[in-house]
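As annotated by Swiss-Prot, transmembrane segment applies to 26-46, 53-73, 94-114, 121-141, 149-169, 175-195, 217-239, 243-265, 277-297.
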Amino acid sequence: MKTLTLAHHGLGRRAHAFYVLTKPRVNALIVFCAVIGMFLAVPDGLPDPLRVFAATVGIACVAGAAAAMNCLIEQQLDARMARTRNRPLPRGELHSVEVLVFAGVLGGFGLSVLYQAVNALTMWLTLATFVGYAVIYTLLLKPRTPQNIVIGGASGAMPPVLGWAAVSGEVTAEALLLFLIIFAWTPPHFWSLALYRTADYARAGLPMLPVTHGAAYTRLSVLLYTCALFGVTLLPFAIRMSGWIYLVAAVTLGLRFVHYAWRLLRDYSDALARRTFRFSIVYLSLLFAALLADHYLRL
């Protein structure tokens, strides 16, 4: 009985380790934005629930596979950083081959679901997003250029486009505008994190902006990109994609984000950078929730 209990406990720990590899909190935001895209793609009424379910499962699986590949590729870097040294691979809880197989099976399953139950366009776009994050960003951009977040942000901005394509079978200007919002949001979001983790990134040898250009330059960049983001978020109202509910939310949230960025520039502290980073996640979630609310409660 004791042996069975220990075996069950060990199996549970390994299952949890694989779960952690998928970066579930990041994945949740990805899926959330994708699902919002699915609902916004339908002018009137609701999208087909089975298609929404299949697309959600497929996108979540491929996103989890991309996260696992990122952990696999960066395991030596993760071991040198306080923020990531407790991930399963640096701790020795899993082997590289296991993670590679896990990512392949999970990603292959997700792509198969998208192709069979959604449409080919969504499958190909999701595959391109996987390659963009796991290969282009992780292998080529992140270790080589301080603009890694800016360029690599394209893959992270894809979820609403994937959701839109899943339901409509096409990529429209409105879908690309959702892409643009997340693309503009990505630099201030990640640079806020990099500001209070500068020593970590320097220790790992990663050329994040605060490491290569200094904290002052990065804080100014956060402010400039946040102001640009504010302007971009007004476009859905300007093109009549969204109405007053969204506009009020976008202005309120945007001014708050700009206020955080301004304070970072003028009165920096690690605690403030951490709060800014956390607020940026809340900001994006509420902004997309406002898009959805406005879609069905248009004023």
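Any Cβ shown, glycine's included, is placed from N, Cα and C.
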Distant-in-sequence neighbours of the transmembrane segment (149-169), which means Cβ under 8 A and at least six residues beyond its ends: 30-31, 33-42, 47-48, 51-52, 55, 59, 63, 114, 118-119, 121-122, 125-126, 128-129, 132-133, 136-137, 141-142, 175-176, 178-183, 186-187, 190-191, 208-209, 288
Residues of the same chain, at least six outside the transmembrane segment (121-141), with any C-beta under 8 angstroms of its C-beta? 55, 58-59, 62, 65-66, 69-70, 73-74, 107, 110-111, 114-115, 147-148, 151-152, 154-156, 158, 161-162, 165-166, 169-171
Under 8 Å Cβ-Cβ from the transmembrane segment (94-114), and at least six residues away from its ends along the same chain, one finds 14, 17-18, 21-22, 54-55, 57-66, 68-69, 71-72, 75, 88, 122-123, 126-127, 130, 166
Quick test of the contact rule: Cβ under 8 Å, at least six residues beyond the ends. What residues does that give for the transmembrane segment (175-195)? 33, 36-37, 40-41, 149-150, 153-154, 156-161, 164-165, 168, 201, 208-211, 215, 218-219, 221-222, 225-226, 228-229, 232-233, 235-236, 239, 241, 257, 261, 264, 268, 270, 273-274, 276-277, 280-281, 283-284, 287, 291
Could you tell me whether the transmembrane segment (53-73) and the transmembrane segment (277-297) have 3+ CB pairs under 8 A, leaving out pairs under 6 positions apart? no
